[in-house]
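Colleague: Okay, these came from Swiss-Prot:
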type	residues	note
TRANSMEM	19-39	transmembrane segment
TRANSMEM	58-78	transmembrane segment
TRANSMEM	110-130	transmembrane segment
TRANSMEM	147-167	transmembrane segment
TRANSMEM	178-198	transmembrane segment
TRANSMEM	216-236	transmembrane segment
TRANSMEM	257-277	transmembrane segment
TRANSMEM	290-310	transmembrane segment
TRANSMEM	347-367	transmembrane segment
TRANSMEM	377-397	transmembrane segment
TRANSMEM	404-424	transmembrane segment
TRANSMEM	429-449	transmembrane segment
Amino acid sequence: MTATATTTEGQETASTSGFWGLTLGSIGVVFGDIGTSPLYAFREAAIGAAHGQPVSRMIVLGVLSLILWSLFIVVTAKYVLLLLRADNNGEGGTLSLMALGQRALGRRSMFLMALGVVGASMFIGDSMITPAISVLSAVEGLKLAAPALEHYVVPLTVFILVVLFAVQSKGTARVATAFGPVMVTWFLSLAVMGIVHISDDPSVLAAINPYYAVHFLLSHGTVGLVTLGAVFLAVTGGEALYADLGHFGRKPIQSAWLFFVLPALLINYFGQGALVLSDPAAIENSFYRMVPELLLLPLVVLATAATVIASQAVITGAYSLVSQAVQLGLLPRFEVRYTSESHAGQIYLPRVNRLLLIGVMLLVLMFRTSSNLASAYGIAVSTTMVADGIMGFVVIWKLWNLRAAVAAAIIAPFVIVDLTFFSANLLKLFEGAWVPLLFGAAMVVTIWTWRRGSAILTLKTRKIEVPLDDLVASLEKRPPHIVKGTAVFLTSDPTSVPTALLHNLKHNKVLHEHNVILTIETAQTPRVDVSERVRMEKISEKFSKVRLRFGFMESPNVPRALAVARKLGWQFDIMSTSFFVSRRSLKPSSQSGMPMWQDHLFIGLSRSANDATDYFQIPTGRVVEVGTQVTI
């Protein structure tokens with residue numbers, strides 16, 4: 001009895017410590033973006049609502065009420081309580097939700113594909129704005145802490161961001177352990193600052209009543225809608241709760257949000273409101289005005305650390321999203337480097353890193369202040385949230401087995417709120433919202449071109465390909481010279497003869513004693529169980545088909561996967577195996593079915609793709625590349 005009790009207690013202790021470890025980790029990673037919103041969200045919303053006039057009591061209460069109920073409806077109800085339950089084998093995020101929706105429908109839906117692509121593309125646009133506005137708003141505290149350094153705000157921001165992107169290739173494993181404690185300190189500071197200032201005017205707590213939010217919107221017309229676009233700054237980052245589901249799990253994220261992060265944010269926002277009610281001039285920078293001059297510099301340092309952590313989380317999210325898009329066939333194979341031997345999810349994509357850095361630098365140098373940049377912020381996130389809501393309807397309807405009317409009744413209120421925020425942000429189109437839309441549109445065109453070009457290329461290739469069964473039958477009747485060893489031919493179509501095999505027969509006039517037609521597939525799930533990794537089919541004495549399946553969040557490692565095939569009876573020895581890979585040289589054609597500019601874009605994307613050898617982690621010394629020229 002004692003031994004059993006001790007064992008059970010030990011397991012519970014380990015389970016409890018694991019839960020709190022994940023909760024602390026989620027505070028350090030998941031909530032960085034939304035957690036740094038108090039730096040600018042209330043200020044921008046109140047100034048926008050005042051419309052050049054002094055900030056009145058009704059404006060402060062209206063803005064606070066809008067922020068509070070937006071956090072309750074969009075983040076708490078929609079993401080924390082609803083969508084966190086719509087996981088794809090434990091994973092979340094826009095592309096994961098898209099794959100889950102398609103699996104629920106039992107077919108590929110172009111509408112869901114379009115929603116997923118648009119949502120993911122806008123996330124990339126957001127990945128450029130978040131580091132720019134977050135770090136810029138933190139460093140702007142220098143204007144109050146050391147007015148003489150005001151002219152160095154932009155250069156210092158640029159320096160911090162360049163260093164941040166420069167160290168990405170080294171990985172973040174060593175410093176990531178500090179993220180949780182730093183962000184806990186940040187949220188505790190937010191709460192303490194808020195508690196201190198709520199006493200300036202406790203009547204600010206009246207804003208809990210949604211009457212003030214509704215009254216503000218009804219009495220301010222277009223200005224109210226514009227203000228709503230600024231209020232949305234308080235909920236940006238809410239989508240990250242769902243995107244990081246796979247890293248920390250549902251319960252740790254829910255617990256961290258409901259019992260720590262949300263209370264700290266609300267207390268701080270209400271503290272800023274009370275401060276402005278007692279001193280309207282404080283609206284100029286209501287966040288930094290909450291602390292005495294002596295604490296300004298330490299707060300600037302803490303805020304900068306928090307915004308760097310928030311930026312790091314967004315950058316890592318962009319790497320993960322692009323990696324998923326590559327696995328799902330939405331983008332060409334980008335070079336992926338692994339920055340940790342123990343954590344497979346810690347990756348670095350050099351090309352994506354460079355593009356993000358260029359985008360972030362352009363934003364900082366174009367807008368120069370967080371107030372200017374706030375106009376550009378929001379449109380990308382609101383688009384992603386609308387896409388998540390609509391895809392969520394499909395999951396609730398089909399996967400949770402609810403009637404369409406019930407599923408619509410559950411999700412419709414959230415989609416209506418998201419569309420309202422989207423409309424409000426659209427009003428800022430010419431003030432800067434066009435920037436993330438431009439980034440997102442460029443990403444959509446890139447994905448569309450890659451998908452369309454790949455489909456056209458596959459169609460053209462299949463027209464000239466020879467059926468595999470016909471070739472095998474022909475070779476059995478008239479076999480060529482047989483050489484020892486195993487040849488593995490990579491192909492996307494296991495029913496046709498790989499180009500590399502035809503070239504080997506035509507030019508070398510030999511056939512290996514064992515020939516494997518290898519197909520690599522991506523499942524609609526984040527990961528594939530090892531038992532489902534390999535499927536083998538023997539065609540003849542000399543030919544076999546092998547299919548390897550990977551999840552869209554897995555790194556395809558062919559040699560490791562083929563080692564699993566040994567257990568299925570395949571005598572696989574990598575030292576006597578040659579991998580034959582086809583490399584296509586593409587030429588544009590006026591008959592391709594795409595405009596010429598799209599032909600050239602597709603060819604450029606194809607040339608920039610990482611070669612199959614590196615992407616599938618095949619030993620370079622065992623690879624034979626066969627070049628072919630194809631006109632699109």
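Note: Cβ is positioned from N, Cα and C throughout, glycine not excepted.
Show me how these features fit into the shown structure, please.
Modeller: Within the chain carrying the transmembrane segment (58-78), a Cβ under 8 angstroms from the stretch's Cβ atoms is held by residues 34, 41-42, 45-46, 49-50, 204, 206-213, 215-217, 220, 227-228, 231-232, 234-235, 238, 241, 257-258, 262, 265-266, 269-270, 273, 276-277, 385, 389, 413-414, 417-418, 421, all 6 or more beyond its ends.
With a cut-off of 8 Å between Cβ atoms, the residues of this chain six or more beyond the transmembrane segment (110-130) that come close are 33, 94-95, 97-99, 101-102, 236-237, 239, 243, 310-311, 314-315, 317-318, 321-322, 325, 330, 356, 359-360, 363, 373, 376-377, 379-381, 383-384, 387-388, 390-391, 394, 435-441, 443-444, 447-448.
Long-range Cβ contacts of the transmembrane segment (257-277) within its own chain (Cβ-Cβ under 8 Å, at least 6 residues beyond either end) map to 27, 31, 34-35, 37-38, 41-43, 46, 55, 57, 60-61, 63-64, 67-68, 71, 75-76, 80, 187-188, 190-191, 193-205, 207, 234, 241, 283, 286-287, 289-290.
When Cβ-Cβ distances below 8 Å are used as the criterion, the transmembrane segment (290-310) is approached by residues 28-29, 32-33, 35-36, 39, 130-131, 134-135, 137-139, 141-142, 144-146, 160, 164, 179, 182-183, 185-186, 189, 193-194, 196-197, 237, 271-272, 275 of the same chain, each at least six residues removed from its ends.
Remote same-chain partners of the transmembrane segment (347-367), defined as residues 6 or more beyond its termini with a Cβ less than 8 Å from a stretch Cβ, comprise 127-129, 131-133, 136, 154, 157-158, 161-162, 165, 168-169, 171, 315, 318-320, 322-323, 334-339, 373, 376, 432, 435, 439, 555, 608.
Outside the transmembrane segment (404-424) by six or more residues, the chain places 70, 73-74, 77-78, 82, 225-229, 232, 235, 378-379, 382-383, 385-386, 389-390, 392-393, 396-397 with a CB less than 8 A from a CB of the stretch.
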Colleague: Using Cβ atoms only, state whether the transmembrane segment (216-236) and the transmembrane segment (429-449) have three or more pairs under 8 Å that are 6 or more apart in sequence.
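Modeller: Counting Cβ pairs under 8 Å, fewer than 3, so no.
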Colleague: Below 8 Å between Cβ atoms, which of the listed ranges 147-167, 178-198, 377-397, 429-449 makes the most pairs with the transmembrane segment (19-39)?
Modeller: 178-198
Colleague: Does the structure show the transmembrane segment (377-397) and the transmembrane segment (429-449) touching, where I'm treating 3 or more Cβ pairs under 8 angstroms (sequence separation 6 or more) as a contact?
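Modeller: Yes, the transmembrane segment (377-397) contacts the transmembrane segment (429-449).
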